[in-house]
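Novice: The Zn(2+) binding site annotation in TrEMBL covers A:His254, A:His258, A:Glu284. Per TrEMBL, the feature active site, proton donor/acceptor maps to A:Glu255.
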2 protein chains.
Amino acid sequence: MTAYTDLMAFQRDTEALAQVAGRLAWDQETMMPEGAGPQRAEEHGAMAGILHARRIDPRVGDWLDKAEAVDDVAAANLRHIRRSFDRATKVPARLATALAQTTSRAHRIWAKARAEEDVAAFLPALQQVLDLRREEAAAIAGNADRYDALLDDYEPGATGASLSAMFAALRPRLVDLRAAVLDRPKPPVLTGTFDEAGQLALSRKLALAFGYDLATGRIDKAVHPFSSGSGLDVRITMRTNPADPFNCFYATIHEVGHAAYEQGIDRAHLLTPLGAGVSMGVHESQSRIYENQLGRSRAFTGWLYGQMRDSFGDFGIADEDAFYACVNRVSDGFIRTEADELQYNLHVLLRFDLERALVSGDLAVHDLEAAWNDRFAADFGFAVDRPSNGVLQDVHWSEGLFGYFPTYSLGNVYAGCLHQSLRAAVPDLDDDLARGDTSRATGWLRSNLQQFGGLRTPVETITHAAGFAPQEGPLLDYLETKFGAIYGL
Amino acid sequence: MTAYTDLMAFQRDTEALAQVAGRLAWDQETMMPEGAGPQRAEEHGAMAGILHARRIDPRVGDWLDKAEAVDDVAAANLRHIRRSFDRATKVPARLATALAQTTSRAHRIWAKARAEEDVAAFLPALQQVLDLRREEAAAIAGNADRYDALLDDYEPGATGASLSAMFAALRPRLVDLRAAVLDRPKPPVLTGTFDEAGQLALSRKLALAFGYDLATGRIDKAVHPFSSGSGLDVRITMRTNPADPFNCFYATIHEVGHAAYEQGIDRAHLLTPLGAGVSMGVHESQSRIYENQLGRSRAFTGWLYGQMRDSFGDFGIADEDAFYACVNRVSDGFIRTEADELQYNLHVLLRFDLERALVSGDLAVHDLEAAWNDRFAADFGFAVDRPSNGVLQDVHWSEGLFGYFPTYSLGNVYAGCLHQSLRAAVPDLDDDLARGDTSRATGWLRSNLQQFGGLRTPVETITHAAGFAPQEGPLLDYLETKFGAIYGL
């Protein structure tokens, strides 16, 4: 046995245990009896303890020091394990425990503060979480940038400075496009009710149309849609709302994008560090290209219009063009998770700039709400009316997830790049999409990106698939062309 | 921190991890996508490795040596942990690995051999499993009895000799009762089909009628009915067969008996060694008294008859008395799992005597089929027609579960004792049962037995609840009275 073989055998069990822990979380959202909560918290804690102990096991350090990479796959495996080991061992146990306890408490305080529209009640807890994450970032970063150390957990290799430059180029053109679009007449809005059975059936049909493999997955209802698991067991959830079938359908397509990435990874990488999506941003690129560039395209919505007519009869939208405009309707709103494709990134960029300033110390917690409201008014042209529509709307900061938000927009930028190259590679793709056939599109993504899992870095992954380095231009061009056509700009 | 406190904190995480592993098995039978099998096997293996490592952790031995019991609960906790530690540390790692691999292989060989009616194809694998279990038993037992060492894993404190004496008293009266009953005219048999929706609804109603708590449980369909989990998350499964609603209903009541035991344990014992049923035999006493002494009683079947008429209309059984006889119909059969209440123990006693002889070396594997067939003919009065109806019918031996079978009959003997005392304590219980109200019966079981979990030994548990030491007389008296009345003996 070589050090590499020993290390990979140990890592394989760790990966398997991580899958078990992930499925426990899935169970909690889908199957767990309501009274099981206190016991489940202890089960999660025990699994987290086991996983943490394995990640900082001194034997891993020894094996890493001795192991030699005989090929690209081995080099990538060693890179992933080294990164995880270095991060985990740099954080003192005392700090890791304090973070777990403080974020758990802050999450409860945030939920109450949001319900009561009481920002002041949340700020002390937010300050504690921020202080601990800053301390963690300093432990990991040494003399390097703290925000980058946090960001690196979600998007290895990304830096706040590079994202800031990219987003600075994105923001003005999005603000202008938004203002121009909202100056035009509104497309029709969906009205009426859509029965749950019909939504469930069509949601399932959409999942299969986008290549979701039910032999290694399953679909359940949950309060929030999500994708869970890697390898041979990748499950998704969805929800229905009688008044809003688009929420069900597009959340399903979005989660299928995440799941298809996991299901599409070469099975040689099963239960290794390469056997999961390489970063949050690359993951989001898959969910967003499935949902938006493909699922909300004129061609695909033409097919979906027919499917909805078959399922629900005449639902008040006259034709495919009106349906396409309805699906892509842009309107004012406060909430990121409800935002349309055009405005979504403006919500994210706002959070990125604010959290980066919080972590650097340039913005104090007690100035956060004012900074949020100023920025929102500047980009969206109207004022935040209450905290639950503003600074208290998202769960992330209460859970300490600083550095997570930008991966949403990075995913959209990546999706823009991938989409441009996909269209060049398959010029007649719309003929497929108009028949509800995504196989050439998803096949291109699988063979150019998904199959490789964690083999390359995130930027290398996108560069390899798109044929050029990630950049914001293709996304902007796509959005301006698409919404310009819909709104007659 | 005292040694006891440290030990219990460590043990609590172990118990929580064991619950996670158990839920993983539940998921496999109810939710897992069909293609996830290979990955799931690795997940199970990783969890088993973690649990085994914790059970033999040298710190557990140190803590056990230093810990002092300040009360009965602490003494019982130490007794359970000591027993688990001693058993686990006596079995060499090489032997544990060989057992896991050999039983996994033997299980597959058994399934194929049973399908092909080929005993000879199974015997070499059975010999390997038996040899390894004998080796394991010797490692645990030292100079003591090997079968007792295996039995002790399922029924702590029980011995082959004491069970043999009890079963020897059981067998002749059961053989005689069976012969007398089968000499009488047959009760009506259920015919027709019973729709699945009706079975599912009534099955759920029965679960609730027997006190199953859905706030800490859930019911799903599976190939085999089972109960899974302890504490605040105790799940059961059931199945339906259009021609056989009794299978659905009585399997549900049986599993609710198991689940009610787990749900009924004092929550102070949550995630401690006392927080689960104390033995297989005591567990089976709960499932069987729910299913048989309560669920198949004249009074309760009178209520069930009305429920079935409400659900399925006239299904061809004239009245409550005919329905009671139909539910308790005795007829010839080869298969243990399909046996009625009267004959069931004869199937078990046969297996107990044979496996005890296998482990002692008094019976050779190549003589097993002949010994089975001779014993079956002696007790049941007709010949086994093929191996799948005889020696190949059960999965247990292929999985190395020697010492497990007798706990089924021990559970029935325990149920007989508990039932006698329950009837004495609640003389008008039939008035309740005739209304479908089991609350005084299940309440008596909860307060006299279930709540204590693992506080006492199995025999102490039954003795405390029944008010006398376990003995076969009450079960025999009950069966002779019940079937004597139904069959006019």
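Note: Cβ is positioned from N, Cα and C throughout, glycine not excepted.
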Novice: Name the secondary structure element type, per DSSP in three states, that contains A:His254 (Zn(2+) binding site).
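Specialist: DSSP assigns A:His254 (Zn(2+) binding site) to helix.
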Novice: Which are the residues of the chain, A:His254, A:His258, A:Glu284 excluded, whose CB is within 8 A of where the CB atoms of the Zn(2+) site average out, their centroid?
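Specialist: Those within range, site residues removed, are A:Ser227, A:Glu255, A:Gly257, A:His283, A:Gln286, A:Ser287, A:Arg288, A:Tyr290, A:Glu291, A:Gly411.
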Novice: So for A:His254 (Zn(2+) binding site), how many other CB atoms are inside 10 Å of its CB?
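Specialist: So the Cβ neighbour count for A:His254 (Zn(2+) binding site) comes to 24.
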Novice: Under 8 Å between C-beta atoms and at least six apart in sequence, can you list the same-chain neighbours of A:Glu284 (Zn(2+) binding site), or say none if there are none?
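Specialist: Those within reach of A:Glu284 (Zn(2+) binding site), by Cβ under 8 Å and sequence separation of 6 or more, are A:Thr407, A:Tyr408, A:Leu410, A:Gly411, A:Asn412, A:Tyr414, A:Ala415.
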Novice: Rank the recorded positions A:Glu255, A:His258 by the number of other Cβ atoms within 10 Å of each Cβ, and give the residue at the low end.
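Specialist: Output over recorded positions A:Glu255, A:His258: least Cβ neighbours within 10 Å is A:His258.
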Novice: According to DSSP, does A:Glu284 (Zn(2+) binding site) fall in a helix, a strand, or coil?
Specialist: helix
